[in-house]
Each structure stands twice: as C-alpha cells, then as structure tokens.
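According to Swiss-Prot, the features are:
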- SER72, GLY73, GLU74, LYS75, GLU76, LYS77, THR130, THR131, LYS142, LYS151: NAD(+) binding site (BINDING)
- GLU184, HIS247, HIS264: Zn(2+) binding site (BINDING)
Amino acid sequence: MGNIHIQTKSKEYDVYVGKESLSHLTTIVQNMQPSVSNIMIISDEAVASLHLQTVVDALQIDQKVFSFVVPSGEKEKSFENFYAAHTSALENKLDRNSLIIALGGGMIGDLAGFVAASFMRGIRFVQVPTTLLAHDSAVGGKVAINHPLGKNMIGAFHQPEAVVYHTPFLQSLPEKEWRSGYAEVIKHALIGDVKLYHWLKEEVQTLADLRDEKLIHILMKAIPVKANIVAQDETEKGVRAHLNFGHTLGHALEKELGYGNITHGDGVAVGMLFAIFLSEQVYKVNLAYEEMKQWFLNYGYPKMPSDLSVERLVGLMKQDKKANAGTIHMVLMQEYGVVNVVSIPDETVHIALEAFQKDMVEK
C-alpha cells in the first residue's frame with residue numbers, strides 16, 4: 001500500500017492506494033475538523049449493489065450514514081440527478097459540517113463532487129473510486145455535470161479531503177472499463193513520464209496484466225503525473241490543460257456517438273492517436289504514429305468510425321473548453337513527455353481529420 005500527497009493552493013490531501021486502503025476511511029472521517037455531523041454516500045446502482053455495504057461497514061462511526069443512488073452510465077451525470085441529490089441532502093438534514101462520499105467511477109466522482117461544491121456553497125467530500133479511469137478524475141478537484149450541448153460544461157473546482165483507492169473494488173470491472181481507464185494511464189505516461197510509457201510497453205501486454213502489484217505500481221506512477229501538474233496550475237489557467245491530451249476529439253466523439261455508446265477512455269484513445277497524427281505534421285517530427293496505432297489496437301481500442309461526419313466533429317471540437325473565440329486549441333506532442341496547447345485553424349483540423357479517418361479505415 002502507498003500514499004501520494006497532493007498539494008494545491010487551496011488544499012493538501014492524501015491519496016491512499018492499495019489492497020487495504022479502505023481501512024483508512026474511519027480515521028480520515030474522525031480526524032476532520034470541525035467534526036463530521038452526518039454522511040451522504042453518493043453512488044450508482046451497479047457500484048452500490050457490489051460495494052455500498054462494504055463502505056458502510058468500514059465506517060466505524062456514530063454519525064448517521066445514508067445513501068443516494070442513481071442509475072449507472074455517463075448520461076446520468078445530469079442536472080436532474082444533481083438536483084435530486086440536493087433534494088435528498090436537504091431531506092436528510094445535511095449541514096455545513098456534513099460529508100459526502102463519492103463511491104464509484106468518474107461519473108459519480110464528478111456528480112458527487114459538484115453536489116459537495118454547491119450544497120450550502122460547499123461542503124467536504126471524499127473520493128472512493130471504483131474504476132481505473134477514476135485514478136485521473138478523482139484527483140485534482142475538477143467536478144461537473146454534463147449539458148446536452150457539451151460534456152462537463154457545468155461545474156467547479158472543489159478538492160476532496162482525501163482519495164481512498166481500495167484496489168479490490170476494481171476487480172469487478174468489465175474489460176471495457178479496464179480499457180477505458182488504461183487510456184488515461186497511457187495519457188499520463190505520454191505527457192509526463194516517459195519511463196512509465198516504456199514500462200507499460202514492456203510489462204502490460206494485455207489488459208489482464210492490470211492486476212495486483214502491477215496495478216498498484218501503475219497507480220503510484222500515473223497519479224503523481226497529474227498531482228505535479230495540478231500543483232502548478234489548480235484551476236487550469238496554464239499547464240493543467242496538458243491533461244486534456246486526446247480529449248478534444250475524444251469529447252467530440254462521446255458527444256456525437258452519444259454518452260454511453262463509447263467509453264470515455266476509448267474516445268480519448270482515438271483522440272490521442274489523432275493528436276499524435278496531427279503533431280507529426282505540425283512539428284515535422286516522427287512520433288512513431290504507426291507503431292502507436294498498432295499498440296492501441298492490440299489493446300482493443302477502437303478505430304475512428306468511418307461513417308462519422310468530419311464537419312460535425314470539427315464543429316464539436318470548436319465547443320471544447322480549451323477553444324477560444326471559436327478557434328480550436330489542441331494539446332499536441334512535440335516529443336514524448338513534451339506537449340503544448342496549440343491553436344489550429346479549422347481547415348487544418350478538417351484536412352487532418354479526414355486523412356486520419358481514412359487511415360484508420362484502410363489499415
């Protein structure tokens with residue numbers, strides 16, 4: 001088991017990673033000042049059926065604990081569920097000394113975190129992630145819900161009190177969720193830890209390798225990449241945007257295909273490949289795109305669908321949060337471990353995306 005210390009301008013906290021990390025939860029709650037009055041656990045139906053009682057049992061405390069459970073799926077990160085969670089919080093008499101526990105993947109972490117950020121103008125919360133994907137979203141304090149016109153468009157920055165990464169919770173994940181989360185691991189390696197990238201290529205031949213000590217090693221290496229960036233730029237005014245590598249096209253694919261029809265990680269994987277494809281053209285460098293593409297395909301990541309409208313995707317990319325005055329801004333790779341936010345003309349993106357789509361179909 002290991003701990004990773006997160007330090008931002010607004011808060012310091014620890015990420016507990018390992019097979020016994022849930023044992024820290026009671027101590028975390030008991031050490032909070034002022035004392036916690038009561039606890040609301042927010043989860044989804046799939047996770048709650050597997051792990052909710054385990055977390056309740058681990059909370060060896062006197063305070064009242066109740067739960068708010070939503071259906072599973074990215075589409076449930078909605079204003080309706082956000083509002084319903086506030087109603088439940090009020091009905092159960094949460095106050096400013098209450099605590100929210102986010103038990104689930106990235107969708108629940110975002111939803112519960114935004115409820116915590118907005119209820120009575122902000123109360124405390126703890127992240128208890130249950131997916132590999134959430135190694136990214138549970139750290140750093142970005143919380144949000146989706147709008148029909150865009151992903152994560154309504155949200156806030158609200159840091160948790162702690163992150164409890166109990167790795168046994170991940171064992172119930174289906175393969176598509178392992179693959180989805182692993183895309184963010186690859187992202188962290190590509191933008192901030194080249195040694196980790198080479199280790200992944202050697203040690204993770206299939207998704208089945210993401211278990212036990214290898215899993216803990218990956219988490220202990222990938223999370224600090226994000227932690228170091230967040231420490232420099234908590235509210236995404238500069239280098240934190242580098243964490244969006246692959247996300248400009250990735251989010252556009254999620255929106256165009258419909259939330260839940262493609263996992264976040266699959267979208268980001270396609271987005272990273274496109275970013276590398278475009279980076280080779282912009283920077284006139286060899287980033288081994290063909291080798292990278294084959295590596296991704298070997299894990300089962302999808303190709304870009306051939307029937308999608310490039311024009312529509314470019315339009316969605318212009319709605320990305322990094323866009324400025326209608327101009328697409330993408331995170332491009334100058335070399336492994338070195339990325340930059342670059343303004344790209346629509347025509348350049350359109351031509352490159354058409355070529356990328358054609359390449360993915362033909363090969």
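Residue positions begin at 1 at the first shown residue.
Placed from the backbone N, Cα and C atoms, the Cβ positions cover glycine too.
Here the candidates are the binding-site residues GLU184, HIS247, HIS264. The one whose C-alpha lies nearest to that of GLU76 (NAD(+) binding site) is HIS264.
The sparsest Cβ neighbourhood within 10 Å, among the listed binding-site residues (SER72, THR130), is found at SER72.
With respect to their backbone Cα atoms, THR130 (NAD(+) binding site) and GLU184 (Zn(2+) binding site) stand 15 Å from each other. Among the binding-site residues SER72, GLU74, LYS142, the ones whose Cα sits within 10 Å of the Cα of HIS264 (Zn(2+) binding site) are GLU74, in sequence order. Under a cutoff of 8 A between CB atoms, and with a sequence separation of 6+ in the same chain, the neighbours of GLU74 (NAD(+) binding site) are MET107, ASN146, GLU254, TYR259, GLY260, HIS264. Rounded to a whole number, the C-alpha distance linking GLU184 (Zn(2+) binding site) with LYS142 (NAD(+) binding site) is 15 angstrom. Listed binding-site residues: GLU76, GLU184; maximum Cβ neighbour count within 10 Å falls on GLU184. Look at LYS142 (NAD(+) binding site): DSSP puts it in a strand. Annotation note: SER72 (NAD(+) binding site) sits in a coil segment as assigned by DSSP. Non-local contacts of LYS142 (NAD(+) binding site) by the CB criterion (under 8 A, 6+ apart in sequence, same chain) comprise ASP110, ASN152, GLY155, PHE157, GLU236. All protein chains considered, the CB of HIS264 (Zn(2+) binding site) has 26 other CB atoms within 10 Å. What surrounds the Zn(2+) site, by Cβ distance within 8 Å of the Cβ centroid and not counting GLU184, HIS247, HIS264, is the set LEU133, ASP136, ALA183, LYS187, GLY246, GLY250, GLY265, GLY267, VAL268, GLY271 from the same chain. In the three-state DSSP scheme, HIS264 (Zn(2+) binding site) is classed as helix. Rounded to the nearest whole angstrom, the C-alpha distance between SER72 (NAD(+) binding site) and HIS247 (Zn(2+) binding site) is 22.
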